[in-house]
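K.L.:
Before I ask anything, let me first share the structure, which is written out below as structure tokens.
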Amino acid sequence: MATARAKARGSEAGARCHRAPGPPPRPKARRTARRRRAETLTARRSRPSAGERRAGSQRAWSGAPRAAVFGDECARGALFKAWCVPCLVSLDTLQELCRKEKLTCKSIGITKRNLNNYEVEYLCDYKVAKGVEYYLVKWKGWPDSTNTWEPLRNLRCPQLLRQFSDDKKTYLAQERKCKAVNSKSLQPAIAEYIVQKAKQRIALQRWQDYLNRRKNHKGMIFVENTVDLEGPPLDFYYINEYRPAPGISINSEATFGCSCTDCFFDKCCPAEAGVVLAYNKKQQIKIQPGTPIYECNSRCRCGPECPNRIVQKGTQYSLCIFKTSNGCGWGVKTLVKIKRMSFVMEYVGEVITSEEAERRGQFYDNKGITYLFDLDYESDEFTVDAARYGNVSHFVNHSCDPNLQVFSVFIDNLDTRLPRIALFSTRTINAGEELTFDYQMKGSGEASSDSIDHSPAKKRVRTQCKCGAETCRGYLN
């Protein structure tokens, strides 16, 4: 059974962008002077005049910066399936260029209706002058140098006003400077905090959109940080399945499959492997920890509704990556109730050799971070490293009294050296409750003394446990 090594918090994904591939070549239409100007990408940034500026309703950022697409391709890009390419020009820059050249482009949100409207991105500061309340506005798609003071009566962005007020109260509560609440102007430190909080909120929203674009399962992913100003990890890439390191091959095609008409009652894939069916009629796991799960695979004749296809369907629950307040970094909580013995998520990452894991383990231990998960169901040849490549499970914290249990799963790849790692609930988990598993969990559900006593990588540094459970062992490793 797989054993997870001690892990800590790391970094996050660089910006990705979307671009829609263009249609087949068509006879070129004669370009107008306006289109030629747009294609040169030389339009200068201009500041909106006071007469033009209008504080419209705020709309959430819907994605990371996008590639520059002009001409016919820009107009028709939304009709084609998006794919990732390196960023060329930011979305804000594209929007500004379109407004400058009076061009519309639905794929980047510029229409005839909003072409001349200026949108509030966030509020930076506050003051009262001659009895009138003013807010310093950061305009979406415009640099900070174009920020302007606008009277409250001109602002139609209740959510941003509410966020501004909440951020101010949060800062004052943290600093215990409650006397400044009714001041006619904000102290520079408060204004700076509010701006940083607004920028963090935008960055987390972009990251949340990135995660949901990358996932291939039903459950949605949300992100929140109400604790500090930390933004998304900078060097983390979301993947949905194992990523083999160079020199490692993972067979993705099954060698045999069942021909059952009813996999719940007929002799099925588990029987062929010498084990029992892992699930009951309610799709809950019924086997003991340490027993492998053999699901139906791509060669089986049964359909997607087969009762022996659970892990391969992916996470069905909406989860939230959140910043913990107890010093454990990022964590994961469920937003819906999860029944006991239900599949929650799969642990994925980069598959490396045990020798490479020892080398990386030294580096990670010196930095106080590691996401190494040993695949030792039968042998100890491979390890999953989720430090840079992983899914939501990358952020799940340790607990000595966890609510998730580890199981080894075999679907298309039947190589016992490379089981897939599934996490099932051990009890009913209520909405809002943090998800945890034991980093030293073995098939029996107990800590592996062998792993702790004999692993050279784990002898180097002992990481203190902060789970707070009554049965806490004191250390993660």
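Quick reminder: no glycine exception, Cβ is built from N, Cα and C everywhere.
Note that the coordinates shown come from a computational prediction; the quantities given were computed from them, not determined experimentally.
Features from Swiss-Prot:
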REGION    1-59  region 'Disordered'
DOMAIN    118-176  domain 'Chromo'
DOMAIN    256-314  domain 'Pre-SET'
BINDING   CYS263, CYS296, CYS302, CYS306  Zn(2+) 3 binding site
DOMAIN    317-440  domain 'SET'
BINDING   CYS400, CYS465, CYS467, CYS472  Zn(2+) 4 binding site
DOMAIN    461-477  domain 'Post-SET'
K.L.:
Hey, of CYS263, CYS296, CYS302, CYS306, which of those binding-site residues are within 10 Å of CYS465 (Zn(2+) 4 binding site), Cα to Cα?
P.N.:
none
K.L.:
Within 10 Å of the Cβ of CYS465 (Zn(2+) 4 binding site), how many other Cβ atoms can you find? Include all protein chains, please.
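P.N.:
Other Cβ atoms within 10 Å of CYS465 (Zn(2+) 4 binding site): 19.
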K.L.:
When you average the Cβ positions of CYS263, CYS296, CYS302, CYS306 for the Zn(2+) 3 site, which other residues in that chain have a Cβ within 8 Å of that mean position?
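P.N.:
Going along the sequence, the neighbours come out as CYS258, CYS260, CYS268, CYS269, CYS300, ARG301, GLY303, PRO307, ASN308, ARG309.
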K.L.:
Would you mind ranking the binding-site residues CYS263, CYS296, CYS306, CYS400, CYS472 by how many other Cβ atoms sit within 10 Å of each Cβ and giving me the lowest?
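P.N.:
Among the binding-site residues CYS263, CYS296, CYS306, CYS400, CYS472, the sparsest Cβ neighbourhood within 10 Å belongs to CYS472.
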K.L.:
Compute the C-alpha separation of CYS306 (Zn(2+) 3 binding site) from CYS400 (Zn(2+) 4 binding site), stating it in Å without decimals.
P.N.:
35
K.L.:
Cα distance, CYS400 (Zn(2+) 4 binding site) to CYS263 (Zn(2+) 3 binding site), nearest Å?
P.N.:
36
K.L.:
So among CYS400, CYS467, CYS472, all listed as binding-site residues, which is physically nearest to CYS302 (Zn(2+) 3 binding site)? Use the C-alpha atoms.
P.N.:
CYS400
K.L.:
For a quick check of packing: other C-beta atoms within 10 Å of the C-beta of CYS302 (Zn(2+) 3 binding site), how many?
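P.N.:
Summing over all protein chains shown, CYS302 (Zn(2+) 3 binding site) has 21 other Cβ atoms within 10 Å.
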K.L.:
In the same chain, outside CYS400, CYS465, CYS467, CYS472, whose C-beta lies within 8 angstroms of the Cβ mean position for the Zn(2+) 4 site?
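P.N.:
Neighbours found: HIS398, SER399, ASP401, LYS466, GLY468, ALA469, THR471, ARG473, GLY474, LEU476.
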K.L.:
Which residue counts does DSSP yield for the domain 'Pre-SET' (256-314) in the helix, strand and coil classes, in that order?
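P.N.:
Each residue of the domain 'Pre-SET' (256-314) counted once, the result is 7 helix, 4 strand, 48 coil.
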K.L.:
Is it possible to get the count of other C-beta atoms within 10 angstroms of the C-beta of CYS467 (Zn(2+) 4 binding site)?
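P.N.:
Other Cβ atoms within 10 Å of CYS467 (Zn(2+) 4 binding site): 20.
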